[in-house]
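Q: Found this in TrEMBL, in case it helps:
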type: TRANSMEM; residues: 24-41; note: transmembrane segment
type: TRANSMEM; residues: 47-66; note: transmembrane segment
type: TRANSMEM; residues: 73-92; note: transmembrane segment
type: TRANSMEM; residues: 98-119; note: transmembrane segment
type: TRANSMEM; residues: 126-143; note: transmembrane segment
type: TRANSMEM; residues: 176-194; note: transmembrane segment
type: TRANSMEM; residues: 224-243; note: transmembrane segment
type: TRANSMEM; residues: 263-289; note: transmembrane segment
type: TRANSMEM; residues: 301-324; note: transmembrane segment
Amino acid sequence: METGRFHEKYAEEIAVYGTPYRRIWILAVLAVTFVVVPLVASPYWLVVLTLVGIAAVGATGLNVLVGYAGQISLGHAAFAAVGAYTSGLLVSRADAPFWVAIPTAMVAAGVFSLIFGLASLRVKGLYLAIATLAAQYIVQWILSSWTWITGGFQGIVIFEPIEIGPFDTTTPTGKYLLVFITLAVVVMFVENLMRSRSGRAMIAVRDQDIAAAGSAVSPLRYKLLAFFISSAIAGLSGVLYGYNAGLVSTEVFTLALSVQYLAMILVGGLGSIPGSILGAAFITMLPIWLRDLLPAVGIELSASVEVHLLTMLFGVAILLFLVLEPRGLYGLFRNIKDYFRMWPFSY
C-alpha cells in the first residue's frame, strides 16, 4: 500500500501532471467550469462566480510576487487600476480594438510597477510594503485629481462588449466564460513559469537572496521580473473588471482592495496557484455569506456596521490561518488528502 510519493528524477518533481489521477482531476475541473456551470448556474451565480474569477486572476498575480519571489506589496490594486484605465482610455478615446488595448494595459501596469520594484534592491519586508503603499496613494491621487484624463469619481464608461462570432460579453454567461478562460490561461502561464529557470530563480531569491547572488542569480533582475509579471496580471484583472462592470471608478481600486488581495493569498496559501483561487473564492464569497446568513438567524445589520464587521472578519481569518494553518486553505486540503491517501498509516 502506498504511504508516500517519491521522485527519482527532477523532471518528475516539476511535472505538471504528477500522476495520472492529477490529469483526470484537471480535466474534470475544466469540464465542470466550462460546460456544466454555464448550463446549470443561474444568472445570479454566474455573476458571483465571475467576480470570484476576476479576484482569482489578481490573486494569482500577487502570489507570483509575494508567494514565489518573497516581495511584499500593498499596491496591487494600484497596478490593477493602471491596467483598467489604460485599456479604458485606449478603447474610449483611441478606438483601439480589445486585442490591442488589453496587452498594452498589461505592459503599462508592469512598467509602472518597475518604478517601485527598484526599491526592492535596497529594502525588504515592511519597508518594501511601505514603498508599494506609496504606489497605491500616488495612483489614487492621480485618478481623483486628473479628472480630464480619468473622469474622476464619475468614472469612464468605456468597455464595449467583446464580440467574436457567436461569443459576446453582453450576457452573464459571456462574461463568465471570458473571465474563466482568462483565468485558465493565467494559471497555465504561472504554472509553467514556476517550472522554468526564471521561476526557480525567483524562489531562490525568496529563500536566500545572498546565496542566490553567489550562484550567479541576479536578485534585482528576478525581483523586477516578478514585479512586472505580477503587476501585468493585476492590470489584466483590472481590465476584466472593466469589461464586467462596463466602467471603472476611483472608488474601486482602493487600499482596501490591495489588502483584500493580500488576504486572498494568505488565506488560500502562499506560493500556491490553487491557493490563490481558493482564497479569492473565500474572500469574495464572505460578504455574500454574511449578507445571506445573518438575516436567516434573525440578525439585521445596517450597511455601515456590515462593512466594519466584514473588515474585522478579514482580519480574524488572516490571523487564524497564520497561526493555525500557515499554508492556507490549500495546505489544509493537502493535509486532508494526504491523510486519506496514507491511511491507515500515520507516516
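Cβ coordinates come from backbone N, Cα and C, glycine included.
What TrEMBL says about a protein is an automatic prediction, not a curated fact.
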Q: Near the transmembrane segment (73-92), which residues from the same chain, at least 6 beyond its ends, have a CB less than 8 A from one of its CBs?
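A: Result: 58, 61-62, 65-66, 98, 100-102, 104-106, 108-110, 112-113, 116, 128-130, 132-136, 138-140, 143, 149-150, 156-160, 227, 230-232, 234-239, 241-242, 247-248, 252-255, 257-259, 261-262.
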Q: Are there at least 3 C-beta pairs under 8 angstroms linking the transmembrane segment (47-66) and the transmembrane segment (263-289), leaving out pairs fewer than 6 apart in sequence?
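A: Counting Cβ pairs under 8 Å, at least 3, so yes.
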Q: Who are the chain neighbours of the transmembrane segment (224-243) in space, where the CB to CB distance is under 8 Å and they lie at least 6 residues beyond its ends?
A: 53-55, 57-58, 60-62, 64-65, 68-69, 71, 73, 76-77, 79-88, 101-102, 105-114, 116-118, 120, 158-159, 161-162, 169, 175, 178-179, 182, 186, 190, 193, 198, 202, 252-253
Q: Under 8 Å between C-beta atoms and at least six residues away from its ends: which parts of the chain pack against the transmembrane segment (24-41)?
A: 17, 49, 173, 176-177, 180-181, 184
Q: So which of 98-119, 176-194, 301-324 is most in touch with the transmembrane segment (47-66), counting Cβ pairs under 8 Å?
A: 176-194
Q: Where else in the chain does the transmembrane segment (98-119) make close Cβ contacts, counting only residues six or more beyond its ends and a cut-off under 8 Å?
A: 71, 75, 79-80, 82-84, 86-87, 90-91, 128, 131-132, 134-135, 162, 223-224, 226-236, 238-239
